[in-house]
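Undergrad: Below is a structure I'd like to ask you about.
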Amino acid sequence: MKQYLELMQKVLDEGTQKNDRTGTGTLSIFGHQMRFNLQDGFPLVTTKRCHLRSIIHELLWFLQGDTNIAYLHENNVTIWDEWADENGDLGPVYGKQWRAWPTPDGRHIDQITTVLNQLKNDPDSRRIIVSAWNVGELDKMALAPCHAFFQFYVADGKLSCQLYQRSCDVFLGLPFNIASYALLVHMMAQQCDLEVGDFVWTGGDTHLYSNHMDQTHLQLSREPRPLPKLIIKRKPESIFDYRFEDFEIEGYAPHPGIKAPVAI
């Protein structure tokens, strides 16, 4: 995960001080890309411990089309708590857009099922895309999508994915995002009888919050360790039938966790 540490250093060296929606303040760069060959290991940051339980449960929650935090709470995941209303609702965020994008004539498009069908039946298509950025529903969302748009690509029997993330909290959010989409690529590849290829991450406003500077310097002082390996223990009937216990991370030996405040 040297690419991640290099990005941190780049933001420190080249970032512009900017104000932001949360009022915290950031150092920010615009436009950055990283590529992770998923054959080389599972891209889970090792210079601090990442909470893999939260990453897996959040992705399963997205794939169910759920937008209420009840499922997350049942599984001791609190990463969405700050944005939920008194009933636990978040509005039409990721899960809704992935699984039930509304059309003007009253139908709903299941984008995940659509891309699975494309991967199986038309893998050379240049339209194998999922978007969470629904302009017509942004004002109803508790938080506008940060990881907004992703595309799949098949070559030589391998499945790759590129994500465009319009806004990226490099210290807290990005390790989650990389691991989450890498996990999704593994799941989609298994469902389509493909090998995993690359995960390509592309960032827009890529920033470090001003109250994450000490934590960033601490993390940069640590030497990355070997990447772990993801094991998927079974192949479910569909992408929507995976369970938390289907996944195992082998060989994850990170440095200790580093706490930091969330900008709301």
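Glycine is treated like the rest: Cβ placed from N, Cα and C.
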Undergrad: Among Asp139, Asp169, indicate the single residue that Swiss-Prot lists for the (6R)-5,10-methylene-5,6,7,8-tetrahydrofolate site containing His51, Ala263.
TA: Asp169
Undergrad: Could you tell me the maximum Cα-Cα distance in Å between the residues recorded as binding (6R)-5,10-methylene-5,6,7,8-tetrahydrofolate, namely His51, Asp169, Ala263, rounded to a whole number?
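TA: The two farthest binding residues have Cα atoms 18 Å apart.
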Undergrad: Return the residues near Asp169 (dUMP binding site) by Cβ distance under 8 Å, restricted to its own chain and a separation of at least 6 in sequence.
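TA: Asp169 (dUMP binding site) has long-range Cβ partners Cys146, His207, Tyr209, Ala263.
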Undergrad: For a quick check of understanding: among the binding-site residues His51, Arg127, which residue's Cβ has the most other Cβ atoms within 10 Å?
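TA: Sorting the candidates by Cβ neighbours within 10 Å, the top entry is His51.
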Undergrad: List the same-chain residues at least 6 positions away in sequence whose Cβ sits under 8 Å from the Cβ of Arg21 (dUMP binding site), in sequence order, or say none.
TA: none
